[in-house]
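Features of the protein shown, as given by TrEMBL:
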TRANSMEM  A:12-29  transmembrane segment
TRANSMEM  A:80-99  transmembrane segment
TRANSMEM  A:105-126  transmembrane segment
TRANSMEM  A:133-154  transmembrane segment
TRANSMEM  A:166-185  transmembrane segment
TRANSMEM  A:216-236  transmembrane segment
TRANSMEM  A:268-288  transmembrane segment
TRANSMEM  A:300-325  transmembrane segment
TRANSMEM  A:345-367  transmembrane segment
Amino acid sequence: MRKILQKIKLPILALVVALFVSGLLIAFSDPKVLALKGDPLSMIAKALSIAGSAYWALFRGSIYDPQLADTGFFGGLYPLSETIVVSTPLILTGLAVALAFKAGLFNIGAQGQFIVGAIGASYVGFTFELPIVLHALAAIVAAIVCAGLYGGFVGLLKARTGAHEVIVTIMLNYVASYFLLWLLSTKAFLREGRMDPIAPEVLESSRLPRLAGQDYRLHAGIFIALLAAAAVWWLLNRSTLGFKFRAVGANAKASRTAGISVAKSTTFVMVISGALAGLGGAVHILGADHALTNEVGGSFGFDAITVALLGRATPLGTVLAALLFGALRAGGLTMQATTETPLDIVLIIQALVVLFIAAPAVIKAIFRLKNVEEGQAIGSKGWNG
Amino acid sequence: MSSFNPKNMSAPERRKFRGLITMLVLSLFALIAFAYMPKEGAPVTYGFVLGGEWVLLKEWIINSKTASTLFAILALVTTFLAIFLFKIKRSSRIVSFIFGASFLMSFLSWAASGKFVPFTGLLQGALLLSVPLIFGAMAGVISERSGVINIAIEGQLLAGAFVSGVLASLFANNWIGLFFAPFAGALIALLLAVFAIKYGIDQVILGFVLNVLVIGLTNFFYKKLLIPYQSEWNSAVAFVPIEIPLLSKIPVIGPIFFAQSIIVYLMYIVVTLIHITLFKSKWGLRTRAVGEHPTAAESVGINVNRLRFKNVILAGAIAGLGGAFFTLGAVGSFSKEMTAGKGFIALAALIFGRWSPMGAVAAALIFGFADNLQGLLTIIGTPIPSEFMLMAPYIATIIAVSGFIGKVRAPAADGIPYKRGGGSR
């Protein structure tokens with residue numbers, strides 16, 4: 001128990017400090033608070049009430065809303081179901097980034113791989129007519145193959161030519177979004193009778209089943225995501241391939257001496273990483289959105305990086321971090337709609353949490369901590385590394 | 001022909017050889033696709049006059065097929081010239097440049113068949129689109145040449161744009177906005193410097209997180225203050241272009257280079273200064289030493305981390321100044337995420353330009369030109385979807401880093417934290 005406490009102490013304290021700083025930002029950017037300049041006491045009271053109501057809205061939008069509870073306790077849990085819907089793709093993209101981290105690679109390209117996966121799943125979903133379970137499986141396989149190749153290309157390029165994965169993945173993200181934009185203007189993908197970039201809805205047979213009736217978007221994708229997390233855990237901790245990945249990540253030179261092919265490891269990791277991110281895209285299309293749009297990527301691929309960093313690149317940590325950031329995203333919408341606090345405060349909270357975790361010195365200084373488990377440093381090794 | 005056997009070549013020679021092959025393939029492609037394939041041409045009109053400059057040639061009307069053929073042949077000739085220069089082991093930089101320009105002209109004459117191309121305007125717009133890229137790339141040069149990876153260029157540009165726009169609006173004075181823009185970029189760079197140099201945090205991750213932070217902060221304040229209180233917070237007006245007497249009257253060149261806003265002139269100064277000081281001054285030598293071999297630099301008495309710290313902050317200031325171009329140099333007011341990934345294209349230009357100031361400027365100009373050409377072709381309507389034109393800089397960068405054309409190598413110690421007393425992490 002103490003051990004677990006030691007492990008989660010830093011992330012929790014980082015979250016607390018980030019929420020506090022963001023609260024200050026919410027309160028003291030409000031003209032109603034600033035108007036009370038002459039009266040410090042009522043200014044603090046007003047600041048507290050404004051930040052408080054913003055965070056209360058964040059909670060209502062992400063976990064439990066008493067106003068929705070007129071149909072009983074479970075009605076009030078609607079926001080929690082939305083949190084899970086947002087978290088599901090985040091878990092998968094987060095795992096993609098985390099796995100790459102473990103192998104010493106920084107995959108900024110989850111966004112592009114997510115988009116490519118969504119394209120593959122959507123195409124199979126609305127084009128072919130297949131029996132029920134088979135159709136969903138085919139769409140998922142299509143996504144995994146497309147995104148696996150897209151990610152694997154990065155690994156292959158790195159292994160063969162030394163091109164740094166960060167640069168290549170940044171560039172491929174843009175290529176993927178422009179490719180998607182172009183696709184959605186072609187006959188094959190543009191929905192009939194529409195001018196705006198939207199593809200036809202995927203057929204019923206390919207959709208993931210809804211778990212709590214049609215009023216809730218909660219779908220079976222969460223089980224796929226959790227299974228994937230378990231699979232990544234097994235891969236990293238119990239399989240030979242995963243051992244090789246971690247060895248290369250820890251020390252590429254030593255691994256090469258020990259007879260591990262660094263080139264193969266790099267390529268494989270990026271294939272699997274891309275496939276995970278693409279699976280995220282498939283699950284999001286088949287479960288929640290049903291139709292491909294130019295904004296399908298949202299920020300799933302970019303949030304994935306903060307998710308993986310917060311989760312310390314472990315599968316369990318990534319799942320928990322994805323749930324947290326999914327809650328912030330879902331709740332942020334309610335917060336933006338009911339209070340005057342923009343959704344973008346979520347980005348600030350995310351950035352601050354990760355910054356504090358990356359630099360424990362700040363948190364240690366604030367709380368006067370001595371022995372906090374910092375976890376193993378995650379990092380790539382410069383452009384030539 | 002022994003020198004043409006790739007097996008006998010050194011690695012850089014082999015890459016150069018591959019570059020020559022690419023040039024050959026491209027010029028043959030131009031000859032076939034742009035010059036031979038179209039059944040019949042239509043007149044293309046190139047307009048050269050933009051404003052009140054002296055007129056040398058008002059416009060040039062030529063049949064598209066003829067023009068494409070002409071430029072494709074020119075490209076082929078320059079290719080052979082480059083091959084000849086390669087054989088006698090001379091630099092072929094200028095020839096490559098002419099090759100690139102003729103290939104583009106061949107393409108443009110084909111794509112704009114039967115249309116009017118405002119040639120001077122096209123180049124002027126290209127320069128304007130390159131300005132933030134050039135500032136961003138210069139920030140990258142200074143930071144990365146001294147050994148600190150700067151992925152946060154995007155955030156620094158955005159911070160500069162935000163602060164300059166807001167301050168210019170609040171004080172109703174553009175000069176105040178312009179003055180504080182570098183400080184905004186430097187503030188972000190300060191965070192980068194403290195965490196990367198003092199605490200040795202991974203620089204790529206850090207830069208990424210700083211970008212998220214700046215996007216979050218500027219979006220937050222944009223929605224919370226700039227939209228509701230627009231007249232007070234977000235009503236800056238762009239600088240008026242300054243026409244330099246005489247110089248701005250030169251045909252074609254004048255309107256492109258010498259009838260621009262103050263920020264563009266500042267850019268000329270910044271680029272010139274960086275190019276000269278990086279290679280000719282004590283600071284430049286030390287900066288390069290610290291980026292390539294910090295241990296050696298320290299052994300001759302250079303304080304590695306202090307120099308890196310200073311350079312990272314200087315880099316942030318330059319990017320911040322470039323950020324002011326988005327607001328005060330172009331439209332005046334700030335809008336959400338208005339840098340739109342330009343910081344990453346600047347990073348691409350830095351890499352494409354092989355971490356050298358002039359190379360980065362050239363790459364930024366090419367990317368700016370591609371961007372503007374894409375806009376023009378979308379308006380006049382061409383067979384190529386605009387999305388593919390927009391992809392061009394990114395694909396070009398991937399090709400560049402994978403070492404297909406020429407050699408691309410980062411400073412040796414780029415991204416590796418340095419601990420005093422020798423050795424890296």
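Glycine is treated like the rest: Cβ placed from N, Cα and C.
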Six or more residues out from either end of the transmembrane segment (A:105-126), which same-chain residues have a Cβ under 8 Å from its Cβ atoms?
89, 93, 96-97, 135, 138-140, 142-147, 150-151, 154-155, 158, 165-166, 168-170, 172-177, 179-180, 183, 188-189, 199-203, 206-207, 249, 266, 269-270, 273-275, 277-282, 284-286, 291-292, 296-297, 299-302, 304-305, 379-380
Quick one: do the transmembrane segment (A:300-325) and the transmembrane segment (A:80-99) have at least 3 Cβ pairs under 8 Å, skipping pairs fewer than 6 apart in sequence?
yes
Taking contact to mean 3 or more CB pairs closer than 8 A (sequence separation of 6 or more), are the transmembrane segment (A:216-236) and the transmembrane segment (A:268-288) in contact?
yes
Take the C-beta pairs under 8 A between the transmembrane segment (A:268-288) and each of A:12-29, A:80-99, A:133-154, A:345-367. Which stretch has the highest count?
A:133-154
